[in-house]
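I am attaching a structure below and will ask some questions about it afterwards.
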Amino acid sequence: MASKSPRSGLGVETHTRKGRSPSRSPNSKTRKKAAASKNSHYGSEGVTDHDVLQLPVSDYKIMLRLTALAFVVRLFRIYQPTSVVFDEVHFGGFATKYIKGKFFMDVHPPLAKMLIALVGYLAGFRGDFDFKDIGKDYLEPGVPYVAMRMFPALMGIMAVPTMFLTLKAYGCRTSTASMGALLITFENALTTQSRFILLDSPLIIFTALTSLAFTNFTNQHEQGPSKAFEASWWFWLILTGIFLGATVSVKWVGLFTIAWVGSLTILQLWVLLGDTRTVTAGIWFKHFFARVLCLIVLPVAFYMAMFQIHFICLVNPGDGDGFMSSEFQSTLNSKAMEDVPADVAFGSKVSIRHYNTQGGYLHSHSSMYPAGSKQQQVTLYPHKDDNNLWLIENNTQPLGDYGLIQGPTAWDNITASNIIDGSVIRIYHLATHRRLHSHDVRPPVTEADWQNEVSAYGYEGFPGDANDLFRVEIVKSMSEGDEAKKRLRTIQTKFKLIHHMTGCVLFSHKVKLPQWGFEQQEVTCAKGGTLPNSVWYIEENHHPMLGPDAEKVNYKRPGFLSKFWELQKVMWRTNAGLVEPHAWDSRPSSWPTLLRGINFWGIDHRQVYLIGNPLIWWSSTLAILFYVIFKGLATLRWQRSYDDYKNVNFKRFDYELGQTVLGWAFHYFPFYLMARQLFLHHYLPALYFAILAFCQIVDYGVNRVSLTGFRSKPILGKIFMFLFVTLSIVVFSLFSPLIYGNPWTKNACGRVKLLDTWDFDCNLFHDKLSEYDTPIDFVNGSEQLPFPTPAPQGQEQEEEPLPLPAQQQEQNDDPGQVPDNAMVTSAQTMEHTNSHVEYRDQDGNILNDEQVALLQKEGDVSFETKYETRTRIIDAQGHGASGEVLKPQHPDAEGQNPETSSKGDTGKLPINQPARELSDEKFVETNAGTPKPASEGHEATKRDDGI
């Protein structure tokens, strides 16, 4: 009895070969010749033109109807909530900074942020709202937040027709393309993420458009030489390059998209290289350079152009310029420094900057160390301030007609004497009349044996002691010019200050002092510290005996390329440093199975929580798993000499689905290499590819292969797709209250909470929907859920400025505070927003009404308004609690600098962020001095290679 020939994996008759695999068979050359005669060029068998610009009109009508449905789903109650949600804190805040032109540092490229700012500006937003806190009201200040939310919503809507067209470009049926578009429409996480002022919708649409353009280009390429270099070939190739540039200009996740396109492009060029019949060397290089131009040069040019626009928009100093070098800062308005004398002499009044921590200034103020010597603090401070000014003295006072001339003005009438390499000097702090000092005492924070404390010691008129002496050692390899290697010159000379008595070197590193040090950066005297952290240079320089004709120097003004490259390095370091845990973070291993979501917003028994549609999510994950199993079996069968790949459908299924799964892999697996904070929304680009793969599998199973039985009965396939989409819509509707912040009940919530790891709390909702009938205030409701914390970014928000020295530090007289270890439960609530006015003098002391009236009467005062946020929290029993317990430490869009963490901060993770009480505080200046408000900048440090 004759045996039946085996079928391929897609139900097509095949013939087995016994013995060796085809590639190893002795007569493989004969088979290669036969294959060559069958395929006379590099084109792929079974490929037809699926140009999406030439679809039937009926397809476009269906696509428009699906897009209209997406409008309804994405824009439904987009005004809700009427307050700041999750990372709108950051990206709304960035819009404010763009409109005001204030420089900021963020770990993401600027394209989407600039578009959000543009939409806000066109809608009438003028940057007068700060987006500081989750739950902060939009309505009262009149923020056009709906218009700003419309931009990412429209980006999310565009993903629907893009999915439809991409599936059509793969040759799928219209029914399958419609199913894919509907799955994107009713995917809960994609819908939630697209309704707020966030970057993920622009990222997903540009990723999707890249996939669409490259799929169409691949379709043109695989039709062989007849399509090469034609208008449609160039159109889709150029469009791929533009969308690649746009993708990477939104987030660096776009680099994964570039890697995906790049790997497939290399495969195309490899196949072209093997076609010796139709592809000459000249034609191959033409293909090669066309791809280099469109897929490398064009995206890079696009990306750099976005940063050029970014620099043009941000021309004023802001709270991010502390991350940048002094040269970079000098390009900002009011940050440019006037030319200063080049030579530094005894008696010069100077500011001394640290070389390796973004140019922080050597600084002192009247506060003392709480331990160690308890002498005056010496720190590093990143902003210009009178407390940064020092006088460089010789190790002995100058000799006059009547003996030694004492005091800081001793050199004012003496010919300037340059400070040469090896000079022994003293450094006098002009504001507090104390000298830079070190001794064999451990620092209060870095209590290492090889570190000595650095302080300011003495008093006005005190002659000093031997521990005030430092030797100048010029670092010749880092200094600019021959003269700068011989004597101290402003900016050009890089030098070390070696303590004369102990041999340690003045040193600073990425460690912040605690609150008693105002979170400024620690300065020590180190034995064996790394060179970059021990190097200093002079920035400001003034000497009365250096006249106007003295040689002047200034920072070299960097060009665009220098600024661009510096910002890329700072973004990379800051992004890599976002390693602190967060209440809602998750690891990549949990994403494909949807183990947890993200709490976006919650108030008045309503909540916005990012969670995917479980049916769509898990089905897409199964699709990826199906292909992995398929590919493994296909490889084994090929090795066993089965002829599966002779079947066109089998071969096309493997390549087309493999291309999509490769896109999923490139957008998923790199996250395993990252130690930084990660969230569920980082999986959304990979989810798009997973849904695409699921639809491709369905299309092949229903329409192209006979094994499933659907091909002979098309109605069964359509019924399957209809039922799957219907179930997806049902699941979407069940979870929709978490998308829109709609009323929900505890029972309804409990029924859909399939996993314990889904950490939205059903007990926070009302028992009955009728209890929601009372009109609510989405901002100041009587009961609130714990506020989520925004994802971190590159720097602190403006509500957390660097503290001032003690003489400028504000007093916290809030009577409602309790010890820092007070715990706040979900039953606690925030007091409603209110405001009051306090008057303080330049030292932060509160003035009563009589004192204020007297000062106003005298008239010799000036007033400055400072808005300050205060946190006052009460629990269910009405007891006060400290807001510091709830303060989030969360650096992913704008956030704290990850390289200046204070000692003991690690591991403290408050999970709630309270509403805040606003106070309008006025500082009053008397003749004693000028008030110095808290800086808007934040300390930034370079990463060093060691302690």
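Placement of Cβ uses the backbone N, Cα and C atoms for every residue, glycine included.
Pulled these features from TrEMBL for this protein:
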type	residues	note
REGION	1-44	region 'Disordered'
TRANSMEM	107-125	transmembrane segment
TRANSMEM	145-167	transmembrane segment
TRANSMEM	196-214	transmembrane segment
TRANSMEM	234-267	transmembrane segment
TRANSMEM	288-307	transmembrane segment
DOMAIN	341-395	domain 'MIR'
DOMAIN	416-475	domain 'MIR'
DOMAIN	485-541	domain 'MIR'
TRANSMEM	615-634	transmembrane segment
TRANSMEM	679-698	transmembrane segment
TRANSMEM	719-740	transmembrane segment
REGION	783-821	region 'Disordered'
REGION	876-947	region 'Disordered'
COMPBIAS	935-947	compositional bias 'Basic and acidic residues'
How about long-range neighbours of the transmembrane segment (145-167): same chain, 6 or more residues beyond its ends, C-beta under 8 Å?
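Beyond its ends, the transmembrane segment (145-167) has Cβ neighbours at 52, 62-64, 66-67, 69-71, 74-75, 78-79, 82, 88, 92, 95, 115-116, 119-120, 122-123, 125, 138, 176-178, 180-181, 183-185, 190-191, 193-202, 204-205, 208-209, 211-212, 215, 688, 691-692, 695-696, 699.
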Take the transmembrane segment (234-267) and find every residue of the same chain, 6 or more past its ends, with a Cβ under 8 Å from one of its Cβ atoms.
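Sequence-remote neighbours of the transmembrane segment (234-267) are 107-112, 199, 202-203, 206-207, 209-210, 213-214, 216-218, 220, 290-291, 293-295, 297-303, 306, 571, 575, 659, 662-663, 666-667, 670, 682, 685.
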Count, for each of 107-125, 196-214, 615-634, 679-698, 719-740, the Cβ pairs lying under 8 Å from the transmembrane segment (288-307), and report the range with the highest count.
107-125
Run through the domain 'MIR' (485-541) and tell me, per DSSP, how many residues are helix, strand and coil.
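Once the DSSP states are binned, the domain 'MIR' (485-541) shows 7 helix, 27 strand, 23 coil.
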Using a Cβ cut-off of under 8 Å, list the residues of the same chain at least 6 residues beyond the transmembrane segment (615-634) that approach it.
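Answer is 9, 183, 186-187, 189, 592-594, 644-645, 650, 654, 657-658, 661, 664, 687, 690-691, 693-694, 697, 724, 727-728, 731.
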Hey, which bits of the same chain come close to the transmembrane segment (719-740), Cβ under 8 Å, at least six residues off its ends?
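Sequence-distant neighbours of the transmembrane segment (719-740): 76-77, 80, 175-176, 179, 182-183, 186-188, 191-192, 195, 606-609, 611, 613-616, 619, 698, 702, 710, 748-749, 751-752, 760.
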What are the DSSP helix/strand/coil residue counts across the domain 'MIR' (341-395)?
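So the counts come to 3 helix, 29 strand, 23 coil.
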Six or more residues out from either end of the transmembrane segment (679-698), which same-chain residues have a Cβ under 8 Å from its Cβ atoms?
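Contacts with the transmembrane segment (679-698): 159, 163, 166-167, 170, 172, 176-177, 179-180, 183-184, 187, 189-190, 193, 198, 200, 203-204, 207-208, 211, 253, 256-257, 582, 584-586, 588, 591-592, 594, 596-598, 610, 612, 616-617, 619-624, 626-627, 656-657, 660-661, 663-664, 667-668, 671, 717, 720-721, 724, 791, 892.
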Let's see if you can do this one: DSSP helix, strand and coil counts over the domain 'MIR' (416-475), in that order.
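So the counts come to 3 helix, 25 strand, 32 coil.
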What mean pLDDT score does the domain 'MIR' (341-395) have in the model?
89
